[in-house]
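Novice: I have a structure I would like to understand better, so I am pasting it below and will then ask my questions one at a time.
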Amino acid sequence: MTLRFLTGGESHGRGYVIVVEGLPAGLRLPRERFTSELARRRRGYGRGPRMALERDELTFWGGLRDGLTTGSPLALSLGNSEWEIWRPAVDAESVDVEAAACRAATCPRPGHADMAGIVKYGHDDCRNVLERASARATAAWTVVGVVAGLLLETVGIGVREAVDSIGGLSCTRPLCDEEWDRAAASDLGCAREEDEAALVERIVAARDEGDTLGGTFVVSLTGMPAGVGSYAELDRRLDGRFAAALMSIPAIKGVEIGDGFRLADRPGSGAHDAIVRDGRGVRRRTNRAGGIEGGMSNGEEILLRAAMKPIPTLRRPLDSVDIRTGLAASAHVERGDVCAVPAAAVVGRALGAWTAAVALAEQFGGDRLSEFVERVAAFRRKGEIFRE
Ligand SMILES: Cc1cc2nc3c(=O)[nH]c(=O)nc-3n(C[C@H](O)[C@H](O)[C@H](O)COP(=O)(O)O)c2cc1C
Ligand SMILES: C=C(O[C@@H]1CC(C(=O)O)=C[C@@H](OP(=O)(O)O)[C@H]1O)C(=O)O
């Protein structure tokens, strides 16, 4: 079966529509799992005023009956609670040119999609670009990630995330189970209280200077059976799929798997994971590969790390050019986040779950959840070589 999704909508429009297709019938989708994950994505120290106002109004339109998927496309919408405020400026059917013009953005922000977008589509108002380029889309992706996470849970796969650093200050390494839990519960996604104070200070200082910050986060997947993905073709490689998914989150500029970039500096003896045998079967002494070898899961924890650049919209703006006059000007300024690394980490978790679910669905299929679960269990048993 092929699992896929599409979204439509804009940041300040009526909301997002989401269609997820290819889900097996019989998967339970409790509403509270969506609301709690959407709330986690809105959270995080350094986010702008919108996140306190936004309610992420989730409506199920089809594909679900008595809380269970039916096998039909799952159709949802995610309403923007601020829609009425923005309506005069962005309503698709609006003829209120005055209102739209007064909100025009004509000085592209370095680092955002504005400049390339107006050149590409021939617009003279960056708003036509930023509405769809906005990371508002990541709320819809979070919804899709919850669906994927619930599918993964049925076969014993867990996905979690933690912030790793903000503005160059690191927070959570190494992660033990307790620290992951704390990271998920914290507004900064970091493990130690002393880290949090320094991070808050760093974010406040950036905000006071009209500046912004980036950082890094980690996503972990546990319980993935060995042999998901393939080396056989470029687009079937699991590492490539995870990297593409995480890299597609707005503002993500680097992704590594396992020890990633650090592996480049080590000799082979210090870079690979020795294979050992114990009573539970064959496993690895270390996990520098981050659970993926040859484009396939190898049975160890999958560890992904992503680097987020600082938010492009600066209250103290960089130089730009007014595209209507051609004159030098300061870049467009509008309300926004100072730091969104904790939110991006939640999105990373969602897309990590989605990518794993797509690969599993492709490999094992199943129109009913029970078929999918049985096939994954059978595959897992076959892979347990030398188990005593
Ligand atoms: C959760 C999240 C929130 C973001 N918030 C903002 C924001 O408030 N202002 C802004 O200019 N960019 C924000 N961004 C980043 C931009 O959306 C992103 O830099 C832009 O779309 C250009 O894409 P690129 O950075 O991938 O090239 C955010 C990104 C994420 C993931
Ligand atoms: C709306 C979200 O993030 C937005 C992403 C974003 C951008 O340019 O990417 C700019 C800001 O939009 P606004 O100016 O309306 O506050 C963020 O709030 C969200 O995460 O739900």
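Every residue gets a Cβ built from N, Cα and C, even glycine.
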Novice: Figure out which of Arg160, Arg262, Arg266, Arg335 sits with Arg132, Ala133, Ser134, Gly294, Lys309, Pro310, Ile311, Pro312, Thr313 in the FMN site per TrEMBL.
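Specialist: Of Arg160, Arg262, Arg266, Arg335, Arg335 joins Arg132, Ala133, Ser134, Gly294, Lys309, Pro310, Ile311, Pro312, Thr313 in the FMN site that TrEMBL records.
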Novice: Secondary structure at Arg47 (NADP(+) binding site) (DSSP, helix/strand/coil)?
Specialist: coil
Novice: Going by DSSP, is Arg41 (NADP(+) binding site) part of a helix, a strand, or coil?
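Specialist: DSSP assigns Arg41 (NADP(+) binding site) to helix.
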Novice: Translate the DSSP assignment of Arg132 (FMN binding site) into the three-state scheme.
Specialist: helix
Novice: For Arg47 (NADP(+) binding site) and Lys309 (FMN binding site), determine the Cα separation and express it in whole Å.
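Specialist: Distance (Cα to Cα, whole Å): 15 Å.
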Novice: Compile a sequence-ordered list of residues in the same chain as Ser134 (FMN binding site), six or more apart from it, whose Cβ lies below 8 A from its Cβ; state 'none' when nothing qualifies.
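Specialist: Spatial neighbours, sequence-distant, of Ser134 (FMN binding site): Glu10, Ser11, Pro250.
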Novice: List the binding-site residues Arg41, Arg47, Arg132 whose Cβ sits under 6 Å from any atom of ligand 1, in sequence order.
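Specialist: Those binding-site residues that pass the cut-off are none, since no Cβ is under 6 Å from ligand 1.
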